[in-house]
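Note sheet for the following structure.
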Amino acid sequence: MGKSSKDKRDLYYRKAKEQGYRARSAFKLLQLNDQFHFLDDPNLKRVVDLCAAPGSWSQVLSRKLFDESPSSDKEDRKIVSVDLQPMSPIPHVTTLQADITHPKTLARILKLFGNEKADFVCSDGAPDVTGLHDLDEYVQQQLIMSALQLTACILKKGGTFVAKIFRGRDIDMLYSQLGYLFDKIVCAKPRSSRGTSLEAFIVCLGYNPPSNWTPKLDVNTSVDEFFQGCFLNKLCISDKLSHWNEEERNIAEFMACGSLQSFDSDATYHDLPSSVAGTSSSLDPVQSPTNPPYKKALELKRSGKLTRSV
């Protein structure tokens, strides 16, 4: 997060820096937790954050499980964050620079947990959006299915899975698929998520896979093959309409999260509210990007060697 006039245009952006979070997305998880309280469970011990970079959700998890928890027994608690991009260290968090679709990543997570299953898995990952909503929604659902495959292998029965989604035309397909694995599916929209965005979060409560299904992560296995035997692979969009039963579509409960007194994520605040820190100057970023794709371009620009096409 950089220094700019965005501090005034987006108060969640500013508040994140004031409170030491690396990104404004931290407030999305906090507001989801205010509604569902999945991080307030005293028995929550093993947590996985997928697609975690730059690490704001991992920061929330660290503070909830270690800094703010009233429990004195915190030795057994573990947080593992996974991302293809490198992440700067976070207290109480083990970071893995790894691919969530690879079996070796699964093995590394289970080893860190002592071969115990996770209580909670979350994913705030999203692809680089193109502006083509149908394409963005499709790619995002593929990312969710990849996260779900890993989650199915590491989440304990009764556990919770939270992931970012893009609400589009066929999102009820995803609701139906997740309904085969979880007792309750809720689509939640935090106040800190811009109302103009298709972004929302799927909250899956009570992991309850079929008793005769054993998930196995394999790089050579397709999504359909992975979910073979748990009925989820029955639901797919086919060009042949006769293969699709409209009655199988589910409508998930929709819930807005966050207090009505919260800031409007779509509003521009020219005068900072009194609840925001007194200074109106721009704040330094909490954590600079570790290896941004634009790093070389910045170096060339600062040295005056960046050429412009005519």
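Positions of Cβ are set from backbone N, Cα and C atoms, glycine also.
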Binding-site annotation, Swiss-Prot, S-adenosyl-L-methionine: partner of S25, G55, S56, W57, D83, D99 in D124, D128, D134: D124
Pairwise CA distance, K164 (active site, proton acceptor) versus W57 (S-adenosyl-L-methionine binding site), rounded so that it is a whole Å: 12
Those binding-site residues listed as S25, S56, and which of them has the most Cβ atoms within 10 Å of its own Cβ: S56
DSSP state at S25 (S-adenosyl-L-methionine binding site), helix/strand/coil: coil
Local confidence of the prediction over the region 'Interacts with RTT10/TRM734' (129-254), expressed as mean pLDDT: 82
D83 (S-adenosyl-L-methionine binding site) in three-state DSSP notation: strand
